[in-house]
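J.: What follows is a structure written as structure tokens; I'll ask about it next.
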Amino acid sequence: HFHGYARSGIGWTGSGGEQQCFKTTGAQSKYRLGNECETYAELKLGQELWKEGDKSFYLDTNVAYSVSQRDDWESTDPAFREANVQGKNLIESFPGSTMWAGKRFYQRHDVHMIDFYYWDISGPGAGLEAIDLGFGKLSVAATRNSEAGGSSAWINNQRKDADKTINDVYDIRLAGLETNPGGSLEFGVDYGRANTQDDYSLAPNASKDGVLLTAEHTQSMMGGFNKFVVQYATDSMTSWNSGHSQGTSVNNNGHMLRVIDHGAINLAEKWDMMYVALYQDTDWDNNNGTTWYSVGVRPMLQMELPIMSTLLEIGYNNVKSQRTGKRNGQYKLTLAQQWQAGDSIWSRPATRVFATYANWDEKWGYNNVDKSPDNGLAQNGTIGTDSRGKSNECTFGAQF
């Protein structure tokens, strides 16, 4: 079986040069329509290796590539994203469940229009998922990620720094809890901790561990869906804010609260729309957190069924620095004419021509001076921001 994902294209900036993409300093994502500046591909190969009755084994692999789309020949090292085996119905007492081990994209939750994965513990791991409890389905898993350095040891009176320090994440989810007609709840608890080698220790005041709590309500509505999400994280789980842990850091002690409402619906005949509203407050003890607001819509009008449509994406991001009290704001508009394989807003592949306009007001950035004691800390001014010395720009191009 072959599955995959790819995007590529060509674009220009109105003031000259190649297409530049727009992202608000401090925000964790950007509005992506007409605002992607790289060639990226995931090539998935899989095969059912064995089947007997309702029991089976499936091998799944995924290799990803990313280049800057500036030339014909662009070499890159592939990223080995997935290599796992999934066994279904192997445990008689848990019919319908799947036992798995290996590297895997594990039950990822995202907002498509801003390419934001708010619950994603993907990596090497193992687990048992979709255990039917009658009132819902239980999944348990353990995965791993790593950090550069992060721990050290004194060996033969010499300090040795670890090349990498691993973090383990333990995940429990209960999904499919029916709450109302067309609606269901999912709850999750993720515990992440740094796991050092023997004789190695973390830096004083390292966050060491943390938790991420997630509650998500999914509602079928208007020919599509709406998802309402509330998440709370502490300490090591506040760096990436997605479920991965960074327990060696001394800069992420604190907490995070996030609320998201997003979905895709049918407004009327020939009219579909994606939308998102997001609030995220990261409060760190070192006063270097942020408060991020985002709101956007992407309506689509079918011009010629089933292949041609017109899309308009309007998105706004605002990020307040905990340290400086200043705000970075940006709005972005994209108009695109699209030809796609079907009449849904999700239909792919799709080829489009687009024009994008962005306007921003950046008041703070991050100190990026190497070896500075303030490196990585927020500061007033536009140094260390994505403003490029201007306040607005337009781009145009074609992509799929």
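FYI, residue positions are counted from 1 along the chain as it appears here.
For all residues, glycine too, the Cβ spot is worked out from N, Cα and C.
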J.: What does Swiss-Prot say: are L90 and W346 on the same side of the membrane?
T.: yes
J.: Match it up for me: which of 183-195, 365-377 does Swiss-Prot list as transmembrane segment?
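T.: My reading of Swiss-Prot: the transmembrane segment range is 183-195.
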J.: Which stretch does Swiss-Prot mark as transmembrane segment, out of 112-122, 123-133?
T.: 123-133
J.: Pick from 136-147, 196-207: which range has transmembrane segment per Swiss-Prot?
T.: 136-147
J.: Within 10 Å of each Cβ, count the other Cβ atoms and name the one among the recorded sites Y40, W73, Y117, F225, W346 with the highest count.
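T.: Of Y40, W73, Y117, F225, W346, the one with the most crowded Cβ is Y117.
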J.: So how many other Cβ atoms are close to C21 (disulfide bond), meaning within 10 Å of its Cβ?
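T.: So the Cβ neighbour count for C21 (disulfide bond) comes to 18.
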J.: Which residue counts does DSSP yield for the topological domain 'Periplasmic' (342-348) in the helix, strand and coil classes, in that order?
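T.: The composition, in the requested order, is 0 helix, 0 strand, 7 coil.
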J.: Between the transmembrane segment (55-67) and the stretches 79-89, 136-147, 224-236, 326-341, work out which stretch tops the count of Cβ pairs under 8 Å.
T.: 79-89
J.: Using Cβ atoms and a strict cutoff of less than 8 Å, what residues sit near the transmembrane segment (224-236) while being 6 or more residues removed from its termini?
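T.: Residues packing against the transmembrane segment (224-236) from afar: 109, 118-119, 167, 192-194, 207-218, 245-247, 249, 252-266, 272.
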J.: Using DSSP, tally how many residues of the topological domain 'Extracellular' (196-207) sit in helix, strand and coil.
T.: 0 helix, 2 strand, 10 coil
